[in-house]
Amino acid sequence: MSVFIDKNTKVMVQGITGSTALFHTKQMLDYGTQIVAGVTPGKGGQVVEGVPVYNTVEEAKNETGANVSVVYVPAPFAADSIIEAADADLDMVICITEHIPVVDMVKVKRYLQGRKTRLVGPNCPGVITADECKIGIMPGYIHKKGHVGVVSRSGTLTYEAVHQLTEEGIGQTTAVGIGGDPVNGTNFIDVLKAFNEDSETKAVVMIGEIGGTAEEEAAQWIKENMNKPVIGFIGGQTAPPGKRMGHAGAIISGGKGTASEKIKTLNDCGVETADTPSEIGTTLIDAAKKAGIYEELLTIKK
């Protein structure tokens, strides 16, 4: 089992003819992802990297059976691309694009209410199910199949955590980057719920950062519902209030959203936290040993 995507997922790339999308389309194909279509208005009929290009999402879906899209469309047009994917009733749309105006995302979020399409992102690295399907911009080679789920607001910290796990012989089920913007689609609790219900996932790494209250809400949900060990890391422990730290959503405002608040809430709810990014792997190992599942997690033969 896996979460959200697997080897049977059929993917379309929105904005496929752009340079960034072309580069990552090749990377995804090399990983083994089934990319069956691309969409760029006005470029229908072209073929790039062996992938047919269509003018609309609807046409691409009808012709190829694609059920998930990944958006590499520039920020001014990305919201419309997400809405187009929702109108075509795709199962999921993963938006990589950064710098989408907050007001655009508020409209998108409202538009998606009551629809079946799940949005992951924006401003995220994507979703990868190890050794099966990679949708996004993450380095594929560090991900190896196993039993640990990863959910994160940060792209590079996801890669750091996954690399540490792999180096320790611990494989992963799925890694989900939910993005660093203040208004996004899928949240921590959505992913934790999916991991909790997934029989292959035995433990979870959750990576948050300053700003907002998503981590505190997730901590409470973990305390009340989670039946698997979860460890956490919060980025931005030295951030001054009022200064945006990289991501649009990573800002301490009105005294809320500090790293220390988040870490305290996680710890109070039974989630062990790593003090530094380099300790994420060892923190997970400690939690796994306490839960008696460490041996089960050693899925990578060295």
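Backbone N, Cα and C atoms are what each Cβ position is placed from, and that goes for glycine too.
What you see is a predicted model, and the numbers here were worked out from it, not measured in a lab.
Around His247 (active site, tele-phosphohistidine intermediate), the same-chain residues six or more apart in sequence whose CB sits under 8 Å from its CB are Asn123, Arg153, Ser154, Gly180, Asp181, Glu209, Gly211, listed in sequence order. Under the three-state DSSP scheme, His247 (active site, tele-phosphohistidine intermediate) falls in the coil class. For His247, the entry in Swiss-Prot reads active site, tele-phosphohistidine intermediate.
Look at Lys43 (CoA binding site): DSSP puts it in coil. Counted within 10 Å of its Cβ, the other Cβ atoms near Lys43 (CoA binding site) come to 15, all protein chains included. For Thr17, Gly18, Ser19, Thr20, Lys43, Ile96, Thr97, Glu98, the entry in Swiss-Prot reads CoA binding site, with the evidence type sequence analysis.
The substrate binding site feature in Swiss-Prot is assigned to Tyr159; the stated evidence is sequence analysis. Here Tyr159 (substrate binding site) comes close to Pro125, Met138, Pro139, Ile142: these same-chain residues lie at least six apart in sequence, with C-beta atoms under 8 angstroms from its C-beta.
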Cβ-Cβ neighbours of Thr97 (CoA binding site) (radius 10 Å): 25
Sparsest-packed of the listed binding-site residues (Thr17, Ser19, Thr20) - C-beta count within 10 angstroms: Ser19
All-chain count of other Cβ atoms within 10 Å of Ile96 (CoA binding site): 27
Spatial neighbours of Gly18 (CoA binding site) that are distant in sequence (at least 6 apart) but have CB under 8 A: Thr40, Tyr72, Val73, Pro74
Number of other Cβ atoms within 10 Å of the Cβ of Glu98 (CoA binding site) across all protein chains: 17
Among the CoA-binding set Thr17, Gly18, Ser19, Thr20, Lys43, Ile96, Thr97, Glu98, as the record gives it, the longest Cα-Cα distance in Å: 24
